[in-house]
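Engineer: Please read through the structure below; I'll follow up with questions.
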Amino acid sequence: MNYFITFFFMHIAVLNFYFRFSNGNKIVMRVGGSPETKRLERSKRQALRMDNEPRWPRGTINYFFDEQRFDENSRATVLRAMEKISNHTCIKFSPKDARIKLRIVSDKGCQAAIGRVGGDQQYLSFPTSCYSVGSASELIHVIGFLHSHQRADRDEYLKLNLQPWRLNDWFQTMQYKKYLDQWWIVPYDYGSIMQYHDSDNEYGPKNSKYFRTMGSQIPSYFDYLMINEYYQCSCEGEEQINCKNRGYPNPGNCSECNCPLESSEEWKNITLNLDAGYMSLQNGTKLHQIDFVFRYLSISAPANKTIEVDIREITGVECNYGCYIGGIEVKTHEDRRMTSPRLCCKNDNEIYKSRNNPTIVMAFNSEGLDKYNIFYRFTD
């Protein structure tokens, strides 16, 4: 039996692990406790390492906007990114004066040092070209993490075809192998906000279904988890908190859980209408919203059935790398914490098959009105 569903809307959204990469030397970055920690159950993880102690003291980053060099059109974007990180981790951003501060300017390019690098002030460059909640990636650099394509295990997931000029760019091409004997935190997630898109045909995914997923502007479940493990964030008495879907108590609010799925309600034969509208800058320019709006569909099937999802109509959705304006994701990955392939281009559509029961469909948008016509059925 086919069920027909129509989605009207606009978009936003969210996550981690543990493995040791050893290449023979002394530099060790212990992250978030022992290898037996409950949150870390698989074999591959994301690492970080740039200095002997790149963490910010007590997980607090005091900051200020340089009024002479900062573009006020970007203030709300930076503050929203700070809020999202603090809401899911124990990292706190404080405008209070302190001896060690993050100085935020709007110079050319989105630029950030990796972790706490020393001195009384540290720079974060955030011009309007970095506009959107994707600015969280720059703040995650500040917290202590590099890009996904700089992981030591990148060759297992990416097909590199670097341009000649890029080969001389040590920072873009270096791998963590340089730092040797590291502790890894999270598995490789194509949907991480730290993963570049492949617009220059340099970092192609070995799993081609993730081509549009790469370059996401949405912090993933594992993005937040790696921060929490690295800074050893936890909640007192967290064993008493019952988190579903392999979630864990949220250090940003210990009465809640950080879960890979935002919704568990069952929806059938329903129409969703949601308009994200536009953001107006001080000069009158209209842009997409800073953050995304989300809508979720939960599809439950009889026992031992496969759920097939066919997205037959897509209107109002912009086809681009990372689906950074909006798109839709059918959670087909067997590990529900991982990002599944995303869709924002009409020609990329396929029938998605899932053994997850329920299967969650996540739609996200940051500009205007989007529409999806969705069919689903159950098969043996």
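Easy rule for this one: first residue shown is 1, then count along the chain.
Each residue, glycine too, has its Cβ placed from N, Cα and C.
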Engineer: In Swiss-Prot, C90 sits in a disulfide bond; tell me which of C130, C233, C235 is on the other end.
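Structural biologist: Recorded partner, per Swiss-Prot: C233.
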Engineer: What's the CA to CA span in angstrom from N87 (N-linked glycosylation site) over to N253 (N-linked glycosylation site)?
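Structural biologist: Taking the Cα atoms only, N87 (N-linked glycosylation site) lies 7 Å from N253 (N-linked glycosylation site).
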Engineer: Are any of C90, C130, C233 (the disulfide-bonded residues) within 10 Å of E138 (active site) when you go C-alpha to C-alpha, and if so which?
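Structural biologist: Those near E138 (active site) - Cα within 10 Å - are C130, in sequence order.
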Engineer: C90 (disulfide bond): which of the recorded positions C110, C130, N253 have a C-alpha within 10 angstroms of it?
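Structural biologist: Near C90 (disulfide bond), where near means Cα within 10 Å, the recorded positions are N253.
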Engineer: If you average pLDDT over the domain 'Peptidase M12A' (46-234), what do you get?
Structural biologist: 83
Engineer: Measuring Cα to Cα, how far is N253 (N-linked glycosylation site) from C233 (disulfide bond) in Å?
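Structural biologist: C233 (disulfide bond) has its Cα 11 Å from the Cα of N253 (N-linked glycosylation site).
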Engineer: N304 (N-linked glycosylation site) has how many other Cβ neighbours within 10 Å of its own Cβ?
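Structural biologist: Total other Cβ atoms inside 10 Å, all chains included: 9.
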Engineer: Roughly how many angstrom lie between the C-alpha atoms of C233 (disulfide bond) and C110 (disulfide bond)?
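Structural biologist: So the alpha carbons of C233 (disulfide bond) and C110 (disulfide bond) sit roughly 28 Å from each other.
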